[in-house]
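Features reported for this protein in Swiss-Prot:
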type	residues	note
TOPO_DOM	1-44	topological domain 'Cytoplasmic'
TRANSMEM	45-66	transmembrane segment
TOPO_DOM	67-266	topological domain 'Extracellular'
CARBOHYD	Asn87	N-linked glycosylation site
CARBOHYD	Asn104	N-linked glycosylation site
DOMAIN	143-261	domain 'C-type lectin'
DISULFID	Cys149-Cys154	disulfide bond
DISULFID	Cys167-Cys255	disulfide bond
DISULFID	Cys171-Cys257	disulfide bond
DISULFID	Cys236-Cys249	disulfide bond
Amino acid sequence: MSEQEVTFPTMRFHKSSGLNSQVRLEGTQRSRKAGLRVCSVPWQLIVIALGILCSLRLVIVAVFVTKFFQYSQHKQEINETLNHRHNCSNMQRDFNLKEEMLTNKSIDCRPSYELLEYIKREQERWDSETKSVSDSSRDTGRGVKYWFCYGTKCYYFIMNKTTWSGCKANCQHYSVPIVKIEDEDELKFLQRHVILESYWIGLSYDKKKKEWAWIHNGQSKLDMKIKKMNFTSRGCVFLSKARIEDTDCNTPYYCICGKKLDKFPD
């Protein structure tokens, strides 16, 4: 009986130890769960805070980029405005310079304009004198229709058609050679006064020298121009209102005689 009494309390002790262990285990598990719950709350706050910070950074970056582009665009507009003003300034300066040059040119051209007006008046005077002389001309039986003088040179227009040799002979009858044109101005003057016909002039092809030569081997400032015309060496040259050209010397044309004279012949 004494052994049973001893054993029973021992068994109760073991049971109470198991209960205590179970209680402790459950308490420990509860403490861990509570600890996990307590620890999970700060991590959520950290994630939220980081999200807010990232959002703020994105907003700041977006604002910065927007401002940067606005600044770049504004700077570009300013540069364009400055360039436009610079171009306008250059254009205004060029305009002023051209205006000044035109003013100076008009001042420089004033004497030339006065000279041209003087020449025009002289031309009109000569034309009127030429007309009066032409009206007083007479027919001598050799077909002289009219004659006139310009400056110190007089011209005879023989209005019967003949060959170049015949023209030369008719001019010699008046003691005046077939006309030799001195320069471009005289050529234009004669072309302005002839009617719509062709006239022999004192230029023919010298077969011995193989070149074009004026009557009596005279010199003319038209020689270079005649060389550039590339005449076909057909013999003789005639003048019309539009051109001078070579042709067969036996072609019948009117005739122009001309010579520098001190007075009109009787």
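Even glycines carry a Cβ here, placed using N, Cα and C.
Recorded features from Swiss-Prot, shown on the structure.
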residue : record                      : CB count, 10 Å
Asn87   : N-linked glycosylation site : 10
Cys149  : disulfide bond              : 17
Cys154  : disulfide bond              : 21
Cys167  : disulfide bond              : 28
Cys171  : disulfide bond              : 24
Cys236  : disulfide bond              : 25
Cys249  : disulfide bond              : 20
Cys255  : disulfide bond              : 28
Cys257  : disulfide bond              : 26
Within the predicted model, mean pLDDT of the topological domain 'Extracellular' (67-266): 77
Cys255 (disulfide bond) and Cys154 (disulfide bond), distance between Cα atoms, whole Å: 14
Cα-proximity to Cys167 (disulfide bond), 10 Å cut-off, over recorded positions Asn87, Cys149, Cys236: none
Rounded inter-Cα distance in Å - Cys171 (disulfide bond), Cys249 (disulfide bond): 16
For Cys149 (disulfide bond), the one of Asn87, Cys236, Cys249, Cys255, Cys257 that lies nearest, given that the recorded positions are compared by Cα: Cys257
Rounded Cα separation (Å) that holds between Cys255 (disulfide bond) and Cys249 (disulfide bond): 12
Integer Cα-Cα distance in angstrom, Cys236 (disulfide bond) to Asn87 (N-linked glycosylation site): 63
Cα-Cα distance linking Asn87 (N-linked glycosylation site) and Cys257 (disulfide bond), given in Å to the nearest integer: 65
Structural state census, the domain 'C-type lectin' (143-261) (DSSP three-state): 29 helix, 48 strand, 42 coil
